[in-house]
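K.L.:
Here TrEMBL flags 358 as active site, nucleophile. If you look up TrEMBL, you'll see 361 marked as active site. The annotation FAD binding site is assigned in TrEMBL to 152, 154, 165, 216, 219, 251. The feature disulfide bond is assigned by TrEMBL to 56-61, 358-361.
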């Protein structure tokens, strides 16, 4: 892969160098920090679109939840919007609750009214979300140590896995008319037309092209992780994981994919640029002293924030960012309508992740989808981020801890994908 990417003024070689020498080493370190390694997720939410066809029984599909005793005290004590030491001060919380009780006009609301208020608040909070967020208060939501449950090939495949991707592409994605996905066992036969892929963006505006590329790039990134962390052999109960060149070729070689493979990989680079842009835009939010990345360990928290701010400086130094101002720039009414369509399509895709049968695949699918959704939320909240107060939380723009963890880890996965792609280039040269 070489040259300039479509719909932006950036070339692949520049991204490779920037990622390898600046981003990848730092984002790897950041993901190992306590604040970013523990992710709360509900893996028991039912699939909202079709009858569940059973969970994967392969042992590598299993996710081991984290014991309560292992979670840093500042993480499990804090509510979803509170990540600073001050916000987690229980004395202050008690004082606030007491003041609310004393100042309440009427505390005799019916349960039905209380539920209605909660629903309204949840609706208001969801208006800027591109993702369906898990309810962290649910008894089924558990903390998972991401370092102990790495994303890799589990053996989960076939009709169940394809139904998920088929629903994403065919029902929830703006896509070029000619995109052909020949491995899909659920797709109707298209006769001899499948042998040639004539790629055309006819009828798709920039925003819809971007949407398709984001989903295709996410799909390519996930496939790259599976190829790079493949179960090569298992002897005496000791598995050996590593890169599988044959699997990589099957998924990305032009002759194996009717010319689609390289385009999928280019979409991975495009997605990397989008999330990189979001990180550079959200920097002011984290540069404020009110944000501590609080875990309860003051020394660790300070180091985590310093490393995160260092990464932000690197993202700002990149000179070929994607220009999101070109999106939704038409007449106000049409632009607003298109943005809302964009948001609802992506929100639906995040709900489809609850239909993934393999728990480990579901975990990483939900995390990376939420990370991308958070990046989109950031890109469309620039004015709110610029007007943030320095010493108090903002009501105009807010990130939950779950969104922050997903944003960093999702970008970390993309950074890893591009690094692994360099490894596969070397391995392919060695096999020729």
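Note that the numbers count up from 1, one per residue, in the order the chain is shown.
Here the Cβ of each residue, glycine as well, is placed from N, Cα and C on the backbone.
Keep in mind that what you see is a predicted model, and the values were worked out from it rather than measured.
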K.L.:
Can you tell me how far the Cα of residue 251 (FAD binding site) sits from the Cα of residue 361 (active site), in Å?
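P.N.:
Cα-Cα, rounded: 18 Å.
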K.L.:
For the recorded positions 61, 361, which one has the sparsest Cβ surroundings, going by other Cβ atoms within 10 Å?
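P.N.:
Relative to the other recorded positions in 61, 361, 61 has the fewest Cβ atoms within 10 Å.
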K.L.:
With FAD as the bound species and 152, 154, 165, 216, 219, 251 as its recorded binding residues, calculate the greatest Cα-Cα distance and give it in Å as a whole number.
P.N.:
21
K.L.:
Out of these binding-site residues, 154, 216, which one has the fewest other C-beta atoms within 10 Å of its own C-beta?
P.N.:
154
K.L.:
Would you count the other C-beta atoms found within 10 angstroms of the C-beta of residue 152 (FAD binding site) for me?
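P.N.:
Counting Cβ neighbours of residue 152 (FAD binding site) within 10 Å gives 19.
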K.L.:
Return the member of 61, 358, 361 nearest to residue 219 (FAD binding site) in space, with distance defined Cα to Cα and candidates limited to these recorded positions.
P.N.:
361
K.L.:
Taking residue 61 (disulfide bond) as the reference, which of 165, 216, 361 (the recorded positions) have a CA within 10 A of its CA?
P.N.:
361
K.L.:
Return the member of 152, 154, 165, 216 nearest to residue 358 (active site, nucleophile) in space, with distance defined Cα to Cα and candidates limited to these binding-site residues.
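P.N.:
Out of the listed candidates, the nearest Cα belongs to 154.
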K.L.:
Among all protein chains shown, how many Cβ atoms are found within 10 Å of the Cβ of residue 165 (FAD binding site), not counting that one?
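P.N.:
For residue 165 (FAD binding site), the 10 Å Cβ neighbour count is 19.
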K.L.:
Just to verify a number: CA distance, residue 216 (FAD binding site) to residue 361 (active site), in angstrom, no decimals.
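P.N.:
If we compare the Cα positions of residue 216 (FAD binding site) and residue 361 (active site), the gap is 17 Å.
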K.L.:
Sorry to bug you, but what's the C-alpha spacing from the residue listed as 'active site' to residue 154 (FAD binding site), rounded to the closest Å?
P.N.:
8
